[in-house]
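Asks: Got a structure here, written out as structure tokens. Questions coming.
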Amino acid sequence: MDTTKSFNFKEKVRGFLGSAASVISPIKDHDLKEVVGQDKFWKIYQSTKKTTNTECSLFVFEKKLYEKVSKSNLENVITFLKKEATTLQRLRHPSILQVVSVMEETKTHIHFATEPILATLEDLLGYYRQRKKSTVDQSSQSEEGYKKKDFTFEELELKAGIFQILDGLLFLNQTAKLLHRNISPESIFITKDLKWKLGGLGFTCSIETKEPPISNLSLQDLREYQYISGGGGGESSNNSNYILPQLDYLAPEFISQRKFETNSDLFSIGRLIFELSINLEQKALDSHLISQLPKLGVISYYNTMIEQVRRQSTMNTQRSDSAKVCTILLGDPMLRGDLENFIRSSFFQDVLTKTLLYLANISQKEDESKLQFFRGLLRIVQQFSPRIQNNYILPVLLSEISNDRIIYVLLPNIMSISANHVKKETFQSKVLPAISNILQSKEPKPEVLSCVLENLPMLLQKCSLDQIKKILLPICLGSMCGPTNEIIFQCLSTAQPIAKFFDTDMISVAVIPRLTNLCVGGFPVHIRTKAIQWFTLLVPSIEKKIIVDSLLPNLEKILAGDNSPVILQSLVETYEALSKKLGGELLAKSVLPALIPLSSDKHIDLEQFKTVMKVIRDILNTYEQERINELSNLQRYTSPTPTKDENDTSFITVNNNNNNNNNISPTPINLTLPNSFGITPITTTATTQPSSSPSMLFPQPPQTSQPSSSPLSSSSSGTTSNPFNSVLSGNNKALIDSPDFGSTYISQPPSTQQLSSNISLTLPKSPPTTRPTVSNSSNSLFPTTNTTNNNNNNNNINNNNSSNNGSNYNSFNNSSFQNNSNQPVQPPPQQQQPLSFNSSFDFGSNLQPIKPTNTIAAQTPLPQPKLSYNSSFDIGNSNNNNNNNNNNNNNNNNNNNNNNNNNNNNNNNNNNNNNLNSFSNFGNNSSNGMNNSNNNFALNSGSTLPIKSTSTSKYDINLEDHVNSSSNSFSNNSFSNNNNSSSNNNTNNNNNNNGVGNFNSSNSFSSSSQSNYGFDQPLNPTTNSNHNSYGNNNYGNNSNNNNNNNTNSMNSSFKNMDLNQNNSYNNTLNDFNSFHNNVNSSFNMNPPSITKNVNFNSNNYNNNNNNNNNNNNNNYNNNNNSNFW
């Protein structure tokens, strides 16, 4: 009983131990993984050594698979395998497979470990051919599977691999003194770093003895049947226990003579090159030839095979260098050469092949050699295929990244390959972890920072968000305070894409202080400029509170410290960005106070000024729109409903009674003004003004081009409103848009939307003297047909009307009217006719245009917009029915042509000595005068406008004009009629021999209505020639009077216009009736000077209406001998 129990217990223990033995691996030091390859006898496992936790490949021979083999053959196989393992253990060379764990033998296994192996060359060749034949994707997710699939056997890769095999073979021949005798795809191993290693050293023998060290195993003793029965021709067989090399790769001398030479291994190399290049897809050789080996026999099969190989090599010599090599190595053994010559051949001397070979042996190179190599590699790295870069070059570079001496030349190559051929996942898993320690260094080298900043866009694209925040952001912030100015500038120039990853706290705490320090810390101007551009870049992502509290004060600090042009330009761009970010109120309070002084800086150029003004206008428009909306909404809820007020002055009613009454009395005039036109009369002081001063409505001529900027309003104590500052639209805009001051354009106003305002207009009273008798048979002062002359000239309105009676020359002037003539003035009867002005002054009324009967001077000084015109203007009448031949410097005849040119088309009669009565010309003793600018004509206070009129003789009046061409303005000028006034030195010398009136005015523009224009006797005031000048434009009628020979000239000019308040001269001429008796006043202004030629000629100098005024004589040519008086 007890014996039975003990037996059962032993059986249980024995069964347990047996089952455990089948589970536990007999190889105790390694963890086996998948099989990566299989030799004739060896299985190659991927494994990990337990003691060191290092990856390796384990070669395992399982004895149980050969239990059926005879004991003697099994012993021969085991002896052969031990020889191969021990030979590998004894040899150490980069091109020979390295053993990391020596061979061990147990009852069941023989194993040894080597460096990690991807596969044998035969396995890779089989994978490639299978992949080409298959239509199914056999890709693997593992790195090893990817490399196997990606192995394409391109020629550059083939050259590098063959060279490594030759290098190992040379080591065997010269150092180990061995012949390999078994070179084939089975004996070549590809490691995981894609290096080609030489193995299969079981058939090696001494070069001297040519015998294998294994006893009873000589290749010469092998018989042919062993290849046939054992299947040694390349395909495995059940009789795989026979130890034979591959027949296809044996040299011909062994097959025919059973001997090996020192260069016999070169034949095997040639045959290997043929298989990997020409016969890669198994199209060069007959695929059924190997199956005929038993039938043909070894010799016949081998001869047929070698003949096909040589023929295909010869046929492909023009296509590849590999075919040329095959023709040499597979030919006559006497022409094959030796191993050393082949290694030094041109087949391996191209730059790309040598580069790959250098990288394969990089561990044996010195640092100085590596520095030179990697510097040159950057220039040629992109010549390699993407596969070569990823699989052969990049891993070597990453393995050397820990070398601080060469890191700065390694990193550019890594970045170059990563940017072009590395996937995002591979970069995050392989590349970035390898270089992260370098990037996160506390004291990185400037070269490393420069490389990272240069490749920052690529890094942002391939890194994850977490990697960007942990690695890249600290690098950029540190580079802003970088070790050198070059790094700082490079950071500011290239790191802008990373700005979108800055959060609000980082911007306010880290970025803005750094940028401000760069702007005010004494750095070069190019760094300061880039720093300001960063402010512009960050504005859209900064909160308004940070802008107001931090950014704007820093910008003011920057502007106070530097105002160079490039800095100003960058600041303008920043303020422009701020104008799009902030609201109108913040812009008005914070941005405009900085921009307006910036626009006046002397360092900015024209384009910069335009940019500044554009920003200012945009800000003003934004602020205006917001403010208008705010006030409109406020008014909508707070203002009562507007009612009509009896005292409302939005309507102007002016009545004009055109009768023939010769009395001048205040008369109401009916006018209609647009909505936006408002006038507030202002009382001015005039010593010679009547008690009730008149007012004149003066619209501005139309403009053909948009003004460059809005008019600037001038502040004055007496001005309460400005009609031209209101927003106009439609036809009303013609009031402020004008191409020329003397335009004759008349627009037709709309018949609706009319407003009227009651304005008291007072006309001057007539002096209590007897009026002369005036004929009422004169033609109308203005033609009924409107003529529009929009030239670059000052278009004078001229009516050439012939009359036998005297006529009056009536004008509106921007001053109080005063008649100091001894003879009173009688206004002629007027007719209502269309106005012919430089712009339409129709205020929406359906009535006919009204023409006032008397001269009205407006007392309302208006603000000063800058009106501009592009042409010179002529004062006076250029149209003359009489042929006036004025032989002066620029004598031009204008015969019934309305030509007012920019140049010298004037009737110049400036220095004639024949009874010439000359008005004093405008002049300026300062830099301000009449100027020709860009559509601007204004009166500015600031300086007086003296007149230099020097009488050299009683017949000569020299006119000297000083004109500036900076801005069209009359500066602080008071115009007055200094007739018979001793205070202004304006004296009419009636005692001159020929009655020449000498007008000498030093401080004011003066005109005379009393002066004797006769030649030896006073004028008979039966005919009035009234010359009215306005703003250097004369609107006159050239009427030819052939009956009345006496002339009385009355010049009504600007008077008592006090411009000290800097008010704009914008009063528009309402109805300017001009008429003068053969008075040709031609003022031609050509920038930058003005030539003013005043000509007074009598119509009755010649009965045939020919006036010949010559500078050289004092003769009047009277063809009909008519009496002047």
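Cβ coordinates are placed from backbone N, Cα and C, and glycine is handled just like the others.
Below are the features I grabbed from Swiss-Prot:
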type     : residues                                                             : note
DOMAIN   : 30-348                                                               : domain 'Protein kinase'
BINDING  : Val36, Gly37, Gln38, Asp39, Lys40, Phe41, Trp42, Lys43, Ile44, Lys64 : ATP binding site
COMPBIAS : 633-642                                                              : compositional bias 'Polar residues'
REGION   : 633-937                                                              : region 'Disordered'
COMPBIAS : 664-678                                                              : compositional bias 'Polar residues'
COMPBIAS : 680-698                                                              : compositional bias 'Low complexity'
COMPBIAS : 705-726                                                              : compositional bias 'Low complexity'
COMPBIAS : 744-763                                                              : compositional bias 'Polar residues'
COMPBIAS : 775-824                                                              : compositional bias 'Low complexity'
COMPBIAS : 841-858                                                              : compositional bias 'Polar residues'
COMPBIAS : 867-876                                                              : compositional bias 'Polar residues'
COMPBIAS : 877-937                                                              : compositional bias 'Low complexity'
COMPBIAS : 964-1012                                                             : compositional bias 'Low complexity'
REGION   : 964-1071                                                             : region 'Disordered'
COMPBIAS : 1023-1053                                                            : compositional bias 'Low complexity'
COMPBIAS : 1060-1071                                                            : compositional bias 'Low complexity'
REGION   : 1099-1125                                                            : region 'Disordered'
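Could you place these features in context, so I can see how deep they sit and what lies close by?
Replies: Within its own chain, Gln38 (ATP binding site) has Ile44, Asp123 as residues 6 or more apart in sequence whose C-beta sits under 8 angstroms from its own.
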Asks: On a count of neighbouring CB atoms within 10 A, which of the binding-site residues Trp42, Ile44 is highest?
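Replies: Going through Trp42, Ile44 one by one, the largest Cβ count within 10 Å is at Trp42.
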Asks: Tell me whether Trp42 (ATP binding site) sits in a helix, a strand or coil according to DSSP.
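Replies: Reduced to three states, the DSSP call for Trp42 (ATP binding site) is coil.
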Asks: Which whole-number mean pLDDT does the model give the domain 'Protein kinase' (30-348)?
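Replies: So the average pLDDT across the domain 'Protein kinase' (30-348) works out to 84.
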Asks: Specify the count of other C-beta atoms within 10 Å of the C-beta of Val36 (ATP binding site).
Replies: 22
Asks: How far apart, in angstrom, are the most distant Cα atoms among the ATP-binding residues Val36, Gly37, Gln38, Asp39, Lys40, Phe41, Trp42, Lys43, Ile44, Lys64?
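Replies: Max span of the ATP binding residues, Cα based, is 21 Å.
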Asks: For Lys40 (ATP binding site), what is the tally of other C-beta atoms lying within 10 angstroms of its C-beta?
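Replies: The answer is 18 other Cβ atoms.
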